[in-house]
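As recorded in TrEMBL, the features of this protein are as follows:
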type: TRANSMEM; residues: 119-136; note: transmembrane segment
type: TRANSMEM; residues: 183-209; note: transmembrane segment
type: DOMAIN; residues: 329-524; note: domain 'Glycosyltransferase 2-like'
type: TRANSMEM; residues: 496-524; note: transmembrane segment
type: TRANSMEM; residues: 642-661; note: transmembrane segment
Amino acid sequence: MVPWWAKGSHKGTSVVVKMENPNWSMVELEAPSEEDFLIGSTPTGSREKLRGKNAKQLTWVLLLKAHRAAGCLTSITSTFLSFGSTVRRRVASGRTDDNDIETDENKAVKTGFYNCIKVFLWLSLLLFCFEVAAYFKGWHFGAPNLQLQYILSVPLGFKDLFDWLYTHWVLIRVGYLAPPLQFLANVCIVLFLIQSMDRLILCLGCFWIRLKKIKPIPKHEAVADLESGEDSFFPMVLIQIPMCNEKEVYQQSIAAVCSLDWPKSRILIQVLDDSDDPMTQLLIKEEVHKWQQEGAHIVYRHRVLRDGYKAGNLKSAMSCSYVKDYEFVAIFDADFQPSPDFLKRTVPHFKDTEDLGLVQTRWSFVNKDENLLTRLQNINLSFHFEVEQQVNGVFINFFGFNGTAGVWRIKALEESGGWLERTTVEDMDIAVRAHLRGWKFIFLNDVECRCELPESYEAYRKQQHRWHSGPMQLFRLCLPDIIRAKISVWKKFSMIFLFFLLRKLILPFYSFTLFCIILPMTMFVPEAELPAWVVCYIPAIMSFLNILPAPKSFPFIVPYLLFENTMSVTKFNAMVSGLFQLGSSYEWVVTKKFGRSSENDLVSLVEKGPKHQRVGSEPNLDKIQADLKQEQKARKTKHNRIYTKELALAFLLLTASARSLLSVQGIHFYFLLFQGVSFLLVGLDLIGEQVI
């Protein structure tokens, strides 16, 4: 009889077993050959010897599996211990988003929003205790109709107090709570489907663009002129670099812009410094002076009063008398590094196209693989540029200016009213006004400009608050102008519904309301139901579509889905603040940068010697490195925060997931569990850069 481990086809190949413990050595085991299984044709002694040999091999395999299992348990234990110690440090530091001095929300508004979430949390805890008690008393229901049948079939006279209370609670749920909750859920589902359809249409449009290889092409004469040098199209170009207290990245942006391949006599670089730190001002001024000595046509401007933030800075720069000599203006934020051929690939599109007002390029990120937060941002922004911006540019000829890495026709800026200080999204404001005046836009997906992503959740959260409160401020201000504008009805509908309402208001509204409030509430009011395709299948499909422009990020599709729902809290709060002009929605908070690419430039400078001009001269290198070290020390003294709203929602979702176990709702349970863990990690600031 053949032993159980000898069944099947086997070959005499060697098996190498490597033990991870250094006390073990590498052992080579010989797999059984076909002769080993010819038990009947071998002597009895040989059989016993073969059995002993196979038993020894099996022992080694079992030891290997036990060793791996022990290593796995050790790893899990150390992970939980590390997580526990991190949580203790967060709690001991006592720093939450409530005591943040530079908060981006008004205290009264923030407290009110947080109190609403706490009400839902305490209500869910109370109901969970009530449901658990009912469960152990025999109230086991799998569907709402069974609940109602059981209640109506049992005489009230034979019930004790708890059964009487639970009976009336179920009747209140059925008659008063479930209908409005189900109605609100259905409304959110409809909005969810509309937004999903919009996302699907955008992806189909992007697929069509790739299939037909559609992309903006400049006039052939302009391209030939640039290559031949005869009758070259080299108009006067003004370049602006607005910055404020960004000493980590100022060198790389100035060096990249000064290295642009464009005639020096036909370009002027304005470094627009709003810094209030004297040391930063001095460093930037020295850098500008250094490039002036190298022959660059560059000037330094500093404002004492930072009125209007970035919009005020750009408006002040455009008021200079020499601006009238320039035809185009290119804008780069302090962390952006255009390639040397940037102007040659963008400015020719303006030739013989008098109604073209803007050429926008896409962003690429030098730190997209720095941590999980930057990887998730890369997924989101890749979809924004390659799908939203490209499709809107090709089929609608309108998209929001990204505020940087773009070239404007100065005449379009002046005719549209110039830079206004009425919102924190001055880039979107000028784009809307220019579109209403009839100017056309072009998006170049194949021209990239390097920049840096926020690496800490605090910086990313403040950035997202500004990006979602500003559009709602702008919508209130420009809605009458859109209605009165002399453009087609389709363009008005596209701008009002698609650009503002669907993508800036409806998306954060249903994302927060449906998945963070309604879904957990349906666990305690099971008469109002959310289908499984709303909870799982449609979000999974949408996440898959979102990740298509960044296929290398496919392993992060589940964290991306959970993180986007987690960020809906910040986006919803910002949307409400901007729409109703609540809190500090007009406050501009500069996104914190760490100068990852500038550090790489320093390394390349040391390797290539002082002849390299992208960063600066050798004597200034020590000072820059000292500043970077000082910044790193300051970063270590900083503390991660605890975000109370996210933590409250984490406990709400985890409580709802525990409640879903009582009704055996598998998909709902897993979604609520993982979403609750996602909120917990974000609430404890365990995503992104860690400083303690």
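Cβ from N, Cα, C; glycine included.
No curator has checked TrEMBL annotations; they are predicted automatically.
Within its own chain, the transmembrane segment (642-661) has Cβ neighbours under 8 Å at 90-91, 95-98, 113-114, 117-118, 120-121, 124-125, 127-128, 131, 457, 461, 516, 519-521, 523-524, 566, 569, 573, 668-669, 672-673, 675-680, 682-685, counting only residues six or more beyond its boundaries.
Contact between the transmembrane segment (183-209) and the transmembrane segment (119-136) is not supported: fewer than 3 Cβ pairs lie under 8 Å, counting only residues 6 or more apart in sequence.
Outside the transmembrane segment (119-136) by six or more residues, the chain places 162, 166, 169, 517, 520-521, 524, 648-649, 651-652, 655-656, 658-659, 662 with a CB less than 8 A from a CB of the stretch.
For the domain 'Glycosyltransferase 2-like' (329-524), the model's average pLDDT works out to 94.
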